[in-house]
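J.: Sharing a structure, written as structure tokens. Questions coming.
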């Protein structure tokens, strides 16, 4: 059973029959009465006391005795002023008598005369008062409407603002099981072991083992961390509390720490249990140092409370915290130490075998045509996460439905892969004839250089059909999973990326802006070879990694440069030399295989897409096989003097995408 936690004191239920509720209109009487009173108060303010009230005869008598000093005549006949001794008075001048004769008499007696223009009418005063209170009325109505929609008014929700927004699963659990999580056998074993700790604690206590306090799952987005938590909730025989890290953040100070306390109080009531915190980096970021100018006291208070609850003076017994994040580098070290998060489980991008298993799970309720080989689809999608594979199957199903078929074909999966990587395809006729020829030459250059390079990934397909910003694409697929990249492989990769530009220079006589994406990716790879991988003889075996997220590519932290300006100049020179050497190698391959490039460009103009086997036939080389790849890989790894980029691939821990190169549309 799933319910929302808003813990508090239990309320006694009435035993007798409750009186009937008042009619709805009565609850509006008091607010309307107060509003009318305020309107009248501000519309008709009390006039100050006007002193002694005189009749018109008494006023004339005082005027003749020179007792009147000033007079102010109103448009409605009312008059007020001061006596000679300064006392105020008021009187009413009859209509028709406040003429020139009275004015002459007032002037003859030395009275200072003033007049007041007519004021607004009663209706206009009431209207002005209502309009002045209209914003207040609208705001009051908005609060009333929101309160009715939420089941309680704004003020009614304030007492529970410090309560944790956690969902508790006790009896009715999610339908997800570990069998629904394909692949990741090691990760599932670690997570299942924690569940077994809580199911059978005595077995571990007899061996002297302590139950881990926390398990942190880290990995790129879309790899199934939250899915793994849902599987734990479905498999666990203990209560499961689920909450997101952002739910602790609120506009009121102290609310985050209060919600952490309330969450663990609720967890202790259900112990033994599991607390799952998704996106824990929202509250677990590293605290500011002593000299830091910018700090977030509210977030740090929330983090401090979380640290105390997990392993403080009174730690939570029988409560295991399961958390997930794709930004482990920003978490506070105190949160990651043993005793809080005893285990860190990495959920990486799936391997080829894992991708095949994930595809089989998502294809359970779909009909596949005989030509569909899910192992081949898995090999064609290196670097895809579990979420992207689910999207791949869904896009293939959409393509089949669009064509009026129930069975998913291999072409549907190829279309879905291209759409995810590149975007929606366009017709090549959108290009000018000269542009279409330039794109064909460009892609032919990529394909021929890749086919003639010993260490490059094999060419799978070449196309000049525009998709997204790409005007053409050369697809390369590795024959096996790569975990280390040798220097020879990286240098051949540079030559392949610059092969399109080299073909333009050799055949067309000039380069174009279509190579901008190739230049960008080649420069980035060369920079990492020199600065991070230690593959520069001039710079030596040093590594200056660029700060940024481990699993979120694209962002870079503003960190101080750990080397001198002279070192930066050497890095720039080495990068330029690597790129020049790669371009010269690519141009040499194009010159030696000019006929193959011309024939492939003609085939692309005619067919728009050419299979990789045709490319190898044109250059006179056999299509690479997995056995040849394994022999070559073993030969390159054992070769002396060849350095490998250890610890991470050239994509920062993830496999490269299948689209090796593309023309960019500017």
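Cβ atoms here come from the backbone N, Cα and C positions, even for glycine.
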J.: Taking 354, 371, 518 as the options, which does Swiss-Prot list with 442, 446 at the Zn(2+) site?
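T.: Record check against Swiss-Prot: Zn(2+) site with 442, 446, extra candidate from 354, 371, 518 is 518.
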J.: Swiss-Prot lists transmembrane segment for one of the ranges 105-125, 126-146, 147-167; which is that range?
T.: 126-146
J.: For the feature region 'Disordered' as recorded in Swiss-Prot, pick the matching range from 1-23, 24-46.
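T.: Comparing 1-23, 24-46 with Swiss-Prot, region 'Disordered' matches 1-23.
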J.: Cβ within 8 Å of the ATP site centroid (219, 220, 221, 222, 223, 224, 225, 226 excluded): which residues?
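T.: Here the non-site neighbours turn out to be 324, 326, 347, 385, 386, 387.
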J.: Going by DSSP, is residue 225 (ATP binding site) sitting in a helix, a strand, or coil?
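T.: Where residue 225 (ATP binding site) sits, the three-state DSSP reduction gives helix.
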J.: May I ask which of the binding-site residues 219, 220, 224, 225, 226 is closest to residue 443 (active site) if we compare their C-alpha atoms?
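T.: For residue 443 (active site), the spatially nearest of the binding-site residues is 220.
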J.: Looking at the topological domain 'Extracellular' (49-125) alone, can you tell me the average pLDDT?
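T.: Here the predicted model's pLDDT, averaged over the topological domain 'Extracellular' (49-125), is 76.
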J.: Given the binding-site residues 219, 220, 221, 222, 224, which one has the fewest other C-beta atoms within 10 angstroms of its C-beta?
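T.: Among the binding-site residues 219, 220, 221, 222, 224, the lowest count of other Cβ atoms within 10 Å belongs to 221.
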J.: So how many other Cβ atoms are close to residue 226 (ATP binding site), meaning within 10 Å of its Cβ?
T.: 18
J.: Give the number of CB atoms, excluding that of residue 443 (active site) itself, located within 10 Å of its CB.
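T.: For residue 443 (active site), the count of other Cβ atoms within 10 Å is 28.
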J.: Just counting, how many other CB atoms are there within 10 A of the CB of residue 225 (ATP binding site)?
T.: 24
